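**Student:** Pasting the feature list from Swiss-Prot:
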type	residues	note
SITE	ASN12	site 'Discriminates between blocked and unblocked aminoacyl-tRNA'
BINDING	TYR17, PHE64, ASN66, ASN112	tRNA binding site
ACT_SITE	HIS22	active site, proton acceptor
SITE	ASP91	site 'Stabilizes the basic form of H active site to accept a proton'
Amino acid sequence: MNAPRLIVGLGNPGPEYEATRHNVGFWFVDQLADKLKVSLAPQAKFFGRAARTGETWLLQPTTFMNRSGQAVAALANFYKIPADEILVIHDELDLPPGGIRLKQGGGNGGHNGLKDIQAKLGTPDFWRLRLGIGHPRTLNLSQQVVDFVLHQPRKEELPDIEHALARCLLAWPKLAAGDFAGAQQQLHGKAV
């Protein structure tokens, strides 16, 4: 498998969204940028904040979640990056806080950011790193989903999400080498 050339963290721009569950994709890209010693900077032609390290781009769309595809398609089309060399990191309601799943293709699970990326790329065949935030129903909360994702994780959920982010960073060497099977094995195994 080819190494990913575009790493996209999904989220919403602005300080009011910074610490929300919906922004865990941004959190990952921020941490990865720190690890790789690169700085994200505004890139108007790509509708987001971006950084390049070697042949790999990091991107945080600033289009708001529901229009993430505009940014992803702009950068992917400009650099001729095929869908199977794109890794999108996003919040996942169907996994408990701290759950992780890496997969290629599939549906969008009602996630509007993924839905827009699929529409703008014309294919669902990009890779996804799904970071569990839980669902209000399974966490016994009365919030609607829209409310839930736009709020900060509760203090008892945050350590699990932070641990998942750390595990994803530990898997980065495998991801960067295109060893998705090895990364899946590492990420889907028991947490350490």
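Glycine is no exception: its Cβ is also placed from the backbone N, Cα and C atoms.
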**Student:** Which three-state DSSP class does PHE64 (tRNA binding site) fall into?
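**Tutor:** Assignment for PHE64 (tRNA binding site) reads coil.
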**Student:** May I have the list of same-chain residues other than TYR17, PHE64, ASN66, ASN112 whose Cβ is within 8 Å of the Cβ centroid of the recorded tRNA site, in sequence order?
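**Tutor:** Once TYR17, PHE64, ASN66, ASN112 are set aside, the remaining close residues are ASN12, HIS22, THR63, MET65, ARG67, SER68, GLY113.
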**Student:** List nothing but the largest Cα to Cα distance in Å, as a whole number, among the residues TYR17, PHE64, ASN66, ASN112 that the record says bind tRNA.
**Tutor:** 16
**Student:** Restricting the comparison to the recorded positions ASN12, HIS22, ASP91, which residue's C-alpha is spatially nearest the C-alpha of ASN66 (tRNA binding site)?
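**Tutor:** Of all the candidates listed, ASN12 is nearest in space.
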**Student:** State the Cα to Cα distance, in Å, between TYR17 (tRNA binding site) and ASP91 (site 'Stabilizes the basic form of H active site to accept a proton'), rounded to an integer.
**Tutor:** 13
**Student:** Cα-Cα, whole number of Å: PHE64 (tRNA binding site) versus ASN12 (site 'Discriminates between blocked and unblocked aminoacyl-tRNA')?
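**Tutor:** Pair distance, Cα basis, whole Å: 5 Å.
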**Student:** Enter the number of other CB atoms within 10 angstroms of the CB of TYR17 (tRNA binding site).
**Tutor:** 18
**Student:** Quick check for the class: what is the C-alpha distance, in angstrom and rounded, between the residue listed as 'active site, proton acceptor' and ASP91 (site 'Stabilizes the basic form of H active site to accept a proton')?
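**Tutor:** Each residue's Cα considered, the residue listed as 'active site, proton acceptor' and ASP91 (site 'Stabilizes the basic form of H active site to accept a proton') end up 6 Å apart.
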**Student:** Return the residues near ASP91 (site 'Stabilizes the basic form of H active site to accept a proton'), defined as same-chain residues 6+ apart in sequence whose C-beta is under 8 angstroms from its C-beta, sorted by sequence, else 'none'.
**Tutor:** LEU10, ARG21, HIS22, ASN23, VAL24, GLY25, HIS111, LEU131, ILE133, VAL149
**Student:** Mind giving me a neighbour count for PHE64 (tRNA binding site)? Other Cβ atoms within 10 Å of its Cβ, every protein chain shown.
**Tutor:** 16
**Student:** Using all protein chains shown, find which of the recorded positions ASN12, ASN66, ASN112 scores highest when you count other CB atoms within 10 A of its CB.
**Tutor:** ASN12
**Student:** Could you tell me which three-state DSSP class HIS22 (active site, proton acceptor) falls into?
**Tutor:** helix
